[in-house]
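Participant: The domain 'Inner membrane component' annotation in TrEMBL covers 127-177. If you look up TrEMBL, you'll see 130-153, 235-263, 320-341, 353-374, 380-400, 421-443, 455-475, 522-542, 572-592, 638-664 marked as transmembrane segment. The domain 'Sodium/calcium exchanger membrane region' annotation in TrEMBL covers 351-470, 574-662.
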Amino acid sequence: DVPKATEPRGDSDSHRRGSLCDRHCAAINNVQGDLSDLGCHLHRPRVPPGRLVQHSDEVCESCVVKTTLTAENVVEANKLSNNYKFGFKKWKSHVTARPWEDRSEIVKELYSDLNVIRGSGGSTVTCGNVLYLLLFGWWLSFLYVLVAAVMFVTVVGAPYGRLCWDLAGYFLWPFGKVIQKVEVPKSQRVLGACEAGAEASGAGETSALLGGPTPCRWRPWCWADAGHWQRVGAVAWLCLGYPLLALAHGLVCVAAWLLVVLIPVAKLSARTATRVLLLPPERALVRRLRMTEVPLEGEVILCCYHAVNPYYYKYAVDGINVFAVNLLPLVLVTLVLGYVDSHNRLTSSPVKFTLALLSIMPLSYYIGMAIASISAQSNFAVGAVVNATFGSITELTFYITALIKGSREGNRCYAEIVKSALTGTLVGCVLFVPGLCMVIGGIRHQEQRFNSRSAGVSSALLFLSVGGVFAPTLFSKVYGKLVCGECHNVTQNPLGHYLCHNCHFDLMENNGTLYYSHVQPLVYTVSLLLPAAYLIGLFFTLKTHSHIYDIHISDCHMPGHHHSAVVHWSRWRALVILLLSTLCMSACADLATEHISPILTNSTISQYFIGVTVLAMVPELPEIVNGIQFALQNNLSLSIEIGNCIAVQVCMLQIPILVLFTIFY
């Protein structure tokens, strides 16, 4: 239970702090500041009485290095706590909406609607604005000039022609300019049917002096600014001018959004197509603001100062990073091309393989986000089951489809690719991911620290799992017979040394007695023991020795502010997304295995190199990005844990599942 903000934690916990370890932890919390005075809630895993009974210096030292992390709400606290548990996916992104007042000004600017007039913000001549001029500005301005000429030719659309002429100058260089919706005097308005009917009924002599308002007959166009749509010029505008400009702004919006850093241009185009071009021409005012000029009264629709913002890599849509959102259409394109163009008439097999491989990256992100959301909103048992079930689904779908295709075609190349991909995942997670995170984190932070006890437990499990996986191989190398293709005596003595070529260990000698009687039972035994060891590791870290991973998580709010958790994805929504992403992942894996054969036969690159590098690391890119983000925050423990966790899942779950799959298929 979360204690109340006004409850004095020091007094309430005085009767429970009996060990020297707890007194050290209390001293550290006092040095860091009394969080209860700021209305801070301290979320910590519940430790049963008597758990910490040894008052050794080693235990006290481990308490000293404990860290207090800050979370906005209970759900975020659960997510942060799960990051330090064995068997749980480490996730950096938030699973709940962050309080708006807690965000920096840079992030707040990313979500602005481009309708705020600032003071003097310096010169608008920047490299990003010049890039906008070269990419979009000149031809958008020229298009507005053409539409203005067409509207002037129609005569009835002359007001829209003047608006397009003003917008041509605006979109050539929109920076430092403003588009406002001004109020038109009532004497100059063109009344709609609703307003005209009301005035006509009120002007009659037979109307009651103190009568109530005359009811207006409802029409669909009876809303603000609806009267101008009854003009002939508005009809000409909707038929000749607006469709062409809306199409152009739609193309600009899509192109700028895909480039990410040009998202302000995408917002500019979207707001123009949905607001500015649908206004009455007399109510849209385009003007340049000077520093000494006071803006007119009226609603500001558009006001942009910069076309490029490099911080848009932090932008999120419903909790999803903008890069994952942009890559989602790629999944649909891959599925359509892969299953509709089955005879490779539109694209070739290498292109389809590349698209299928790239589509795995956003799907891995969605699966990771869904797993983190479900785990943060559920108890540890549900989280452990979800992580164990779907944590390796990305790799298993690809490996199983490759084994099925290789079995149907009688081609052992697919099995070799799976072996090389598993080996590449182990090597990359144990060496590449921690090393990369250490280097990138060391560039930003001079000193990096991590929890040695937590790393020791995961390293022990990793050592046990790697030893179990390679035990059958070592056994076969020791007791197998070495068979060589061709041997030459390099000395004159018949009993001298021989130089042999194409040597390998033959386990099937004597009708496979060694393999069937010793190696195969050992493989099946290890495949059963490794998942059991994984379950024991979960029980060890989540129940019996959870104090090793005891992370103190506090959510601090200013006095008077109370924030409820607003999750991006509810449990049911996350479950639906998880299942859909898994289905799409299976389809993309099927396409990748279907079109990898031409690459293996026509490419000069070895199939083992492709498996160790490309096939092993591409599905793990979201995890690598999470590890780098943790390292940049000087949280090297989680960066190392990411690599260890993936390697342990490969050894204790993926390889045993693949071995057991080959038994029944």
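Glycine too: its Cβ is placed from the backbone N, Cα and C atoms.
Please treat TrEMBL annotations as automatic predictions, because they have not gone through curation.
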Participant: Sort out the residues at least 6 away from either end of the transmembrane segment (522-542), same chain, that have Cβ-Cβ distances under 8 Å to it, and list them.
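Facilitator: For the transmembrane segment (522-542), the far contacts come to 85-87, 380, 384, 388, 457, 461, 464-465, 468-469, 471-472, 475, 548-549, 648-649, 651-653, 655-656, 659-660, 663.
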Participant: Under 8 angstroms for C-beta pairs, at least 3 of them, ignoring pairs fewer than 6 apart in sequence. Is the transmembrane segment (353-374) in contact with the transmembrane segment (130-153) by that rule?
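Facilitator: The transmembrane segment (130-153) and the transmembrane segment (353-374): touching, no.
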Participant: Six or more residues beyond either end and a Cβ under 8 Å away: which residues meet both conditions relative to the transmembrane segment (320-341)?
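Facilitator: Non-local partners: 93, 257-258, 260, 263, 312-313, 347, 352, 355-356, 358-359, 361-363, 365-366, 369, 568, 584, 587-588, 591, 594-595.
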Participant: Counting each residue once, how many in the domain 'Sodium/calcium exchanger membrane region' (574-662) are helix, strand and coil under DSSP?
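Facilitator: Across the domain 'Sodium/calcium exchanger membrane region' (574-662), DSSP assigns the residues as follows: 80 helix, 0 strand, 9 coil.
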